[in-house]
Amino acid sequence: MGQTITEKIFSEHAGKKVHAGEIVRVDIDMIIGNDITTPISIRAFEESGAEKLARPDNFSIVMDHYIPAKDIASANQAKISREFAYKHDLKYFFDEKDMGIEHALLPEKGLVIPGDVIIGADSHTCTHGALGAFSTGMGSTDLAFGMITGGNWFKVPETIKVVLTGKSGEHIYGKDIILELIRILGVDGALYKALEFTGDAIQHLAMDDRFSMCNMAIEAGAKSGIIAVDNITEAYLIERAEANGGLRSEPKIHYSDEDATYCQVVTIDVENLSPVIAYPFLPSNGKPVEQAVKDDLKIDQVMIGSCTNGRIEDLRIAAEIMKGKRVAKHTRMIVTPATQKILMQAQHEGLMDILIEAGAVVSNPTCGACLGGYMGILGDGERCVATTNRNFVGRMGARTSEIYLANSAVAAASAIAGKIVDPREI
């Protein structure tokens, strides 16, 4: 019986051939915590009596949710992670001096490697599957178990094969593809499944698009999202190796067998996609942008950023649309680059000048507004177009506020118009 990529990764880490449904213990290649979830893991670690990390070089803490601290409580919470990192002399501790959103920063640093098993105490840890790794979110106590033992227990997930065909048209990106898939599957249609993205359309998708797609796999209930390594992945890894003096370890590349077993196959013709807008209050409420235009949805705020769409391509797209234009009078716009490197690259390319001159506010890298933390909270009844990943009730502020999830082109064009518009018509 053939195996999927996911089954092969688990087989290698378990030391035996395994298939979906089997329960195995495997060593973890990278454990990821942040300023919100790590203090809970640290408490469990210390209460267990553990004194040392099982594998110090496979543990990272990224300070990204409330950094710089928004209040006394978040400052004290951050202090716990800092003290632990200093005590254990963590190699991979990223604070304000080298900050970024964890799911953008770690790949950028060359710390995510094809063939890895990665866990993180954050649901969007599935992002890293874009590099051919098995990566999933877990609870803080599960993270503590990994810190103490160096491994964890898993049920090998079944895989849904997502076949993407055709070549996407103007202003159609990975964000639109994943929103369309979530519309098809629903928010629990891939529960505890791996979403394996395949098909000829993949070769036309940049790494930033792939990260967006795998990032939102969890919004369909998936355990992970994964894309096989190809020439685009390899070029990205070479670039990361050159920028960081090498990768953390050697890639171990896997491909699904032709006779691998899939629990479901979903085919999406990306050539016929319009930009997809996810209406409140679920990411599965996807509608074509033409419907949103017809609904004449005036907006109060636009937010471009997050671990989903705060990368350099997103800022390039927004700047191209907004050059020489202004944000609508009654609309606010916030731009949050996902890492300091992305921010500096955008400055170097002149993108920040364009966005600021258009009336956008540019913030430091942070999860901030996406989770309703700070730096862009919505008030009662306010409506926001966001390139983020969730639009639940109260996600970005007031319970009566509304979030419409979209790609960066839709967001930028809508900021200019003051209502949701089709960027292809700008």
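The backbone N, Cα and C atoms fix where each Cβ goes, glycine too.
These figures come from a predicted structure and were not determined experimentally.
What Swiss-Prot says about this one:
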- Cys307, Cys367, Cys370: [4Fe-4S] cluster binding site (BINDING)
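In the three-state DSSP scheme, Cys370 ([4Fe-4S] cluster binding site) falls into the helix class. The C-beta environment of Cys367 ([4Fe-4S] cluster binding site), restricted to residues of the same chain at least 6 apart in sequence and closer than 8 Å, consists of Asp64, His65, Tyr66, Ile101, Ser306, Cys307, Gly373. Around Cys370 ([4Fe-4S] cluster binding site), taking its Cβ as the centre, 27 other Cβ atoms fall within 10 Å, counting all chains. Cβ-based neighbour count (10 Å, all protein chains) for Cys307 ([4Fe-4S] cluster binding site) stands at 26. The residues near the [4Fe-4S] cluster site, meaning same-chain residues not in Cys307, Cys367, Cys370 whose C-beta sits within 8 angstroms of the mean position of the site's C-beta atoms, are Asp64, His65, Ile101, His124, Gly305, Ser306, Thr308, Gly310, Thr366, Gly368, Leu371, Thr388, Asn389, in sequence order.
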